[in-house]
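Peer 1: So TrEMBL lists these for the protein:
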type	residues	note
ACT_SITE	Y118	active site, proton donor
ACT_SITE	K189	active site, proton acceptor
BINDING	R171, N424, N468	(S)-malate binding site
BINDING	E261, D262, D285	divalent metal cation binding site
DOMAIN	95-276	domain 'Malic enzyme N-terminal'
DOMAIN	286-537	domain 'Malic enzyme NAD-binding'
Amino acid sequence: MAFASSAIEALCSKQRRFFTTVAYVRNKLQGIDVLREPKINKGLGFTFSEREQLKLKGLLPPSFRSQEEQEAAVMKGIRNIRDGLLKYVYLKDLQCTNERLFYRVLCNNTEELMPIVYTPVVGEACLKYSYIYTKPRGLYITAEDAGHVSSILDNWPEKDVRAICVTDGGRILGLGDLGANGMGIPIGKLCLYTALAGIPPSTTLPITIDVGTNNELLLSDPLYTGLRQKRLTGPKYDELLDEFMEAVVKKWGKSCLIQFEDFNNANAFRLLKKYQNKYCTFNDDIQGTAAVCVAGLIASCGLTKTKIRDNVFLFFGAGGAALGIADLLVKAMVEDGLTRIEARSQIWLMDAYGLLSTSRTDLDEQKMRFVKDVKHTSDLEEIINMAKPTALIGASAQGGAFTESILKTMASLNERPIIFPLSNPTSKAECTAKDAYLHTDGRCVFASGSPFDPFSFGGRTFHPSQGNNAYIFPGVALGIIACRVHHIPDFTFLVAAKSLANLVTDEYLEEQRLYPPLHCIRDVSLSIAAKVADYFYSESLATVKPEPTNMFDFVKQNQYDWRYD
Ligand code: NAI
C-alpha cells in the first residue's frame with residue numbers, strides 16, 4: 001500500500017499548526033471560549049505557554065497531558081463504566097468537547113468502541129434519545145418546514161458539506177419506527193466516516209427528516225422531542241423529500257453525497273430507484289448490506305474451492321436485505337461468466353409464505369425475477385432438497401430457523417456448506433455459530449449479521465465472521481467524495497465487495513475468517529476507496545480532473561488528522 005511521503009506529512013503538519021493558530025486568531029478566541037470550541041479545544045493538552053497566550057490559566061487543572069495520555073485517561077474512564085448507554089453518553093460528551101481527542105480515541109480503539117457509537121448500543125441510545133439529548137448535533141428538517149427547507153440548510157454552520165447521512169426514523173435497526181429519536185443513527189454512521197475512512201467531520205452532516213411517527217409510545221410520551229403527529233405519507237411526504245434533495249444540490253452541489261439510512265423498506269427501495277440516477281446517493285441498508293454479504297460469499301469461494309458462478313444460493317427471507325443481496329449476487333455471477341437468466345436460476349428465495357414460485361400471485365416485480373417453476377412449498381427442508389443449495393442465507397429475523405436437521409441436510413449435500421444467518425440482533429439469528437459448526441462437523445463456511453465470540457471445536461479455534469456494513473460504507477463514501485461523482489451506479493457496490501473479498505488472505509481463511517479482522521478496518525476502507533475511485537475514473541464518472549496517477553494518495557490526500565500539532 002502506498003502512503004504519502006514524509007515530505008508531504010511534514011508539510012501537512014506545518015499546515016495544521018498554521019490553521020490551528022489561524023483559527024484561534026481569526027475567531028479571536030480566548031479564555032473559556034477556546035475550551036468551549038470542540039474543534040480547537042485540547043483540554044489538558046494545551047501547553048503551559050499556550051495557556052498563557054490564550055488566557056487559560058486557572059481554567060484547567062494545573063497538569064499537562066499529551067494527547068496519548070488523554071486517550072489513556074478517556075479509555076480508563078470508559079472501561080470503568082459498566083453500562084453501554086452511559087459509555088455512549090460519555091463519548092458523545094467528549095465529541096462535543098474535544099473533537100480531535102474523540103476521533104483519536106475512536107480510531108485507536110475501533111473494535112472496542114464501534115459497538116457503542118454504532119450497533120448495538122446506538123439502538124438503545126435511539127430508544128432513549130429524547131432523554132439523553134443535551135447538546136445540539138445534526139440538523140432536523142420537519143414536515144412543517146415544507147416550502148422552506150433551504151432556509152433550514154442555511155442554518156448549518158459549516159460551508160463545505162461533502163456528505164450527508166439522512167434518516168426519517170422509519171425503521172431504526174430492528175427497533176421499528178423511532179421518529180426523531182432516529183438521529184443517533186446518522187450521527188453514529190458519520191462518526192465512522194471519520195474514524196474509519198478519515199473523512200473530515202466538518203464536511204459531514206447528520207440529518208433527520210421528522211415527518212412524525214406512528215409509534216404510539218413516543219406520541220404519548222410528554223418528553224418525546226419530535227413532531228407529535230402521525231407519519232406524513234403520500235404526495236406530501238414525496239414532495240418534502242424532493243424539496244430536500246433539490247435544496248442540498250442547490251446549496252452544496254451535485255457531488256454532495258446523500259446516504260439514506262433506516263427508512264422503512266417500502267420508502268427505501270422506492271426512493272433509491274427514484275433518486276439513484278439523479279443525485280449522488282446510496283442506501284446503506286440495501287446496497288451496503290448487499291456488498292458486505294456478497295464480499296463474504298466471494299471470499300467463501302476460497303474455502304469451497306469454487307467460483308461464485310458454480311454456487312446455488314437459497315435465501316430464507318425475501319425482504320429488503322435478501323433482495324438487495326440477490327440483485328448484487330446476480331451482477332457478481334454475470335461478471336463471472338453467466339447470463340442474467342442463468343444467474344437468477346441459481347438464486348432461490350423463500351419468504352413467510354413459502355418459496356417464490358410461479359404459482360404465487362402475491363409477488364411484486366422485484367420478487368418475480370426469482371420465481372422458480374416447481375411445486376410450491378413452505379417447507380425449508382423440502383426446498384433445500386429441491387434446490388440443492390451450496391449456500392443458505394438467513395434474512396428472516398426468525399431466530400433458530402436453521403435447526404439441527406436443516407444444518408445436517410446442508411452438510412449432507414455439500415463438503416463445505418455455506419451458512420450465513422444474517423438476521424440481527426443475536427436473538428434473531430437463524431442459528432448460532434456454534435450450532436452451525438457443530439451440526440456440520442466443523443465443515444461449514446460461516447458468517448453472521450451479529451457478532452459471535454471465537455470458540456474451539458474439534459481441536460481448532462474458529463473466528464466466526466461478522467458481515468458488518470462498516471467494512472463497506474466508509475470506504476465507498478471516501479471514494480465517492482474524493483472523485484466528486486454526481487451519481488452512484490449499483491456496480492460501485494460490486495467493486496467494493498470484490499475489493500473487500502480480495503483483502504481476505506489465506507491466513508484469514510485458515511482461521512475461517514471471511515472478512516479481515518476489525519482492527520484492519522481503516523486500511524480496508526482506504527483500499528475500497530481507491531478501487532471505487534479507479535472504477536469512477538474508468539467509467540468517466542469522476543469530475544475531479546486530471547485523473548490521479550496514484551489512487552491511494554489521491555483518496556488519502558484530504559483525510560482528517562486528529563493530531564493537535
Ligand atoms: P424484512 O422485514 O424486509 O424481511 C424479512 C423477510 O423474512 C420477509 O420476506 C418475510 O416474509 C420473511 N420471513 C418472515 N418469517 C419467515 C418465515 N417463517 N419463513 C421464511 N421467511 C420468513 O427485513 P430485512 O430488512 O430484509 O431484514 C431481515 C433481517 O436481516 C433482519 O433481522 C435484519 O436485522 C437483518 N439484516 C442484517 C444485515 C447485516 O447483517 N449486515 C443488514 C440488513 C438486515
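Note: Cβ is positioned from N, Cα and C throughout, glycine not excepted.
Remember, TrEMBL labels are computer predictions, not curated facts.
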Peer 1: Roughly how many Å separate the Cα of R171 ((S)-malate binding site) from that of D262 (divalent metal cation binding site), to the nearest whole number?
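Peer 2: Approximately 5 Å lies between the Cα of R171 ((S)-malate binding site) and that of D262 (divalent metal cation binding site).
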Peer 1: Return the member of D262, N424, N468 nearest to Y118 (active site, proton donor) in space, with distance defined Cα to Cα and candidates limited to these binding-site residues.
Peer 2: N468
Peer 1: So if I take the recorded positions (Y118, R171, D262) and measure from each Cβ to the nearest atom of ligand 1, which come out below 6 Å?
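Peer 2: Checked recorded positions vs ligand 1; nothing flagged, none.
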Peer 1: Which one is it, among the binding-site residues E261, D262, D285, that lies nearest to the residue listed as 'active site, proton acceptor' by Cα separation?
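Peer 2: Going through E261, D262, D285 one by one, the Cα closest to that of the residue listed as 'active site, proton acceptor' is E261.
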Peer 1: Using the Cβ centroid of E261, D262, D285 as the reference point for the divalent metal cation site, which residues of the same chain not in that list have Cβ within 8 Å?
Peer 2: T167, R171, I172, I185, F260, F263, A268, N283, D284
Peer 1: What is the Cβ neighbour count of D262 (divalent metal cation binding site) at a 10 Å cut-off, with all protein chains included?
Peer 2: 25
Peer 1: May I ask for the distance between D285 (divalent metal cation binding site) and N468 ((S)-malate binding site), taken between their Cα atoms and rounded to an integer number of Å?
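Peer 2: Rounded to a whole number, the Cα-Cα distance is 11 Å.
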Peer 1: Long-range same-chain neighbours of E261 (divalent metal cation binding site), Cβ under 8 Å, sequence gap at least 6?
Peer 2: C165, V166, T167, I185, P186, K189, N283, D284, D285
Peer 1: Per DSSP, to which secondary structure element type does D285 (divalent metal cation binding site) belong, with helix, strand and coil as the options?
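Peer 2: In the DSSP reduction, D285 (divalent metal cation binding site) maps to helix.
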Peer 1: Where N424 ((S)-malate binding site) and D262 (divalent metal cation binding site) are concerned, what is their Cα separation in Å, rounded?
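Peer 2: The Cα atom of N424 ((S)-malate binding site) is 14 Å away from the Cα atom of D262 (divalent metal cation binding site).
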